[in-house]
Amino acid sequence: MKIAKRVPDAIIVVLLLGLSFVTLYPFWNSLVISFNVGADTALGGITFWPRVFTLENYQVVFKDERLIQAFVISIFRTVVGTFLSILFTSMFAYGLTKKNLIGRKLFMIMCIVTMFFSGGLIPSFILIRSLHLIDTFWVLVVPGIIVVWNLIIFRTFFQELPDGLEESAKIDGCNYIRTFFSIIVPISGPVIATLSLFTAVGLWNDWFTASIYINNPHLMPIQTLLNQIINSNAMSEQLSSAGGEASEFVRQLKGVSTKSLVMATMMVTTLPIIMVYPFLQRFFVKGVLIGSMKE
Amino acid sequence: MHTELLAAKKTKKRSPSKKGILQAYIGQWDLQLMVIPGVLLVVLFSYVPMWGVLMSFQNYNLFTGFLDSQWVGMKHFDMFVHSSDFYRVMRNTLSISLLKLMFGFPAPIVLALLLNELKGFRFKRFVQTVSYLPHFMSWVIVSSFVISMLSVDNGSFNIFLMKLGIIHEPVNWLSTSQYFWGILVSSSVWKDVGFGAIVYLAAIAGIDPHLYEASAMDGAGRLRQIVSITIPSITPIIIIFLILNIGGILNAGFDDILNLTNNGANTLLRPVSDVIDTYVYRVGILGQRYSYATAVGLFKSAISVVLLVLANLLARRMGRSSLW
């Protein structure tokens, strides 16, 4: 009887262990390959442990000027973009909580509509082109400043703050801007931290914007560069399956990076996300909940 | 309702003259200053492109600009619907999307139910932490995992299958078009199943524990409790997510497909990987047929909006939750 009751539990545990394994294995395998000598990786068969351990791949990554530059661009973009986005989105949201704001309803509807309709890829592309933003750093930052989802979460948060908080500032004759920065912002730490993290992860991970708006290799963020490297690698593999001799030729011709090197680049690219992940995890359950409650 | 209307009328009558509004506006300059940047950014980057969809009714010329381009009516829509690409693009979009819905939609619910049955807090925590992680990886990273796992000469997947004796020589998974949908759907389930489960877990946590106690006294087993209490309790939220999914049925994927097909350059996979969004990207951005691509995009958004409204109507008719 007792055993019969335990069986379902055991099945569930096994299933979830399987899921965890399937989820973690690609990360682990890539990490292992990144610590393996490139020429040896090409022989295949690397699964749980490096066969010929080396730090060489990481040395190459950290010496490659193109990669370093891409990391710098990504970091810069993430920091500047997150700061501007949180600043302007939160100010906008605060303004929208004030009932006397002229145009409040119109602004709100305008924002909500963008969640359901958009002009689409091509009109945005034409717009960015005619604004002469192509091949500028700002195209990576400015179009994404207002995030409507964050706007709604900020607004909900500000609305729930007790009205009395702002009284003293009003009595002292502070205007709305002073009140916002000296009273509201200091007590909004958690929500600002949460949304900053989410915005930062989104900016760090975005590869597509740069892939269509940036041609200048000095402005290429790391994810976009990685996308290009992986593509050229995948291309060579496809060609290699067509014929062994051609592949070596193609590889030399394109100067394609070895798999181990790509994996090392990838690991360095995911490192910032892994580093903030514990904080993310603490916050995001709450964040998602606020979002879904609004629905 | 009636009194509200009257009140509204009254306030309208008493509403300040134009000069009054201007004065009030100047009086709240500090408040307006806070929202103006946001409003301008939304207008510029969301509404200008919305107005820009009009170019799908033109032969848009990059050099003469929007105002001087020739108007051609529905020509581009007509061209798309009658083009040889139409059938392929629509078939891929709907198939991939339905497959994703079929597997990607129930998966988080099942995971949430399984997690909820776990007794050990630590293990539950561990599984959650692990399963949420891929959601925060970009598709560039995830696709390179996929490419690496499935690689014909190094891939772990081939190694495992060969060790298990299921296949005898490595299969070139990503170069065989019949596997592509399966790969695409599994990798998107892999990426988002954990994160998707959060909402359902929260909904399950909100169920009144008395219900379980009462049913246990009536002799209900665990399966019975899941079927008769847990699932019905989270049905409203399931329906809301289903509505959202139906509205997005033409979003078969973009980042994932591009990253798994060399940004669409993989011609071998194109017959199975070309969906509306990647098609718009390819003919629009790469092929520079701006008006035509915009028309295809507008065709898609129009259908999506109609679907969303219909799904919402249906949900309301059923007396359940609705989006608005």
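Cβ atoms here come from the backbone N, Cα and C positions, even for glycine.
According to TrEMBL, the domain 'ABC transmembrane type-1' annotation covers B:90-311.
The transmembrane segment annotation in TrEMBL covers B:21-48 (among others).
Summarising the annotation, TrEMBL assigns transmembrane segment to B:94-115 (among others).
Residues annotated as transmembrane segment in TrEMBL: B:136-159 (among others). Long-range neighbours of the transmembrane segment (B:136-159) within the same chain, counting only residues 6 or more positions beyond its ends whose Cβ lies under 8 Å from a Cβ of the stretch, are 167, 170-175, 183, 187, 190-191, 255-256, 258-260.
Using a Cβ-Cβ cut-off under 8 Å and counting only residues 6 or more beyond its ends in the same chain, the transmembrane segment (B:179-205) has close neighbours at 95-96, 99-100, 103-104, 107-109, 111-113, 115-116, 128, 130-135, 137, 139, 142-143, 146, 150, 173, 230, 233-234, 237-238, 241, 253, 256-257, 260, 269, 272-273. The transmembrane segment annotation in TrEMBL covers B:179-205 (among others).
The transmembrane segment annotation in TrEMBL covers B:226-250 (among others).
Summarising the annotation, TrEMBL assigns transmembrane segment to B:290-315 (among others). Listed as Cβ neighbours of the transmembrane segment (B:290-315) (distance under 8 Å, sequence separation of 6 or more from its ends, same chain) are residues 52-53, 55-60, 62, 69, 72, 76-77, 79-80, 239-240, 242-244, 246-251, 276-277, 279-281, 283-284, 321-324.
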